[in-house]
Amino acid sequence: MKSSHIALICIVMFSLFALHESRMEGGAIHRSMLNITIPPCIKTFCKVLTFEKHCWCCFGPRAKKKLCWNEQKYPNAKELCYAGCIIE
């Protein structure tokens, strides 16, 4: 057997062992990238033509209402946004 065959067999065996060790009790592979949470409030533009982000808006994927709070009118706009966003 050539040394390249032996190296290939070792790589396959190591990969199978790593795959076996990465499985959870339920048989599913744990992937931390699937647990990404999107915040309900996002700092964004108040108007379309302005390029300054002065508003906190409730744009979460599960938000029932699309509300925005301007930082210039409401100094605590971030707190109001997180308190006012209604999540299903």
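Each Cβ is built from the backbone N, Cα and C atoms, and glycine gets one as well.
From a predicted model like this one, the values you see are computed outputs, not experimental measurements.
Here is what Swiss-Prot says about this protein:
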SIGNAL    1-22  signal peptide
DISULFID  CYS41-CYS57  disulfide bond
DISULFID  CYS46-CYS85  disulfide bond
DISULFID  CYS55-CYS81  disulfide bond
DISULFID  CYS58-CYS68  disulfide bond
Structural state of CYS81 (disulfide bond), classified by DSSP into three states: helix
Inter-residue Cα distance where the pair is CYS58 (disulfide bond) and CYS85 (disulfide bond), in Å: 6
Number of Cβ atoms other than its own within 10 Å, given for CYS55 (disulfide bond): 23
All-chain count of other Cβ atoms within 10 Å of CYS81 (disulfide bond): 23
In three-state DSSP terms, the structure that CYS41 (disulfide bond) belongs to: strand
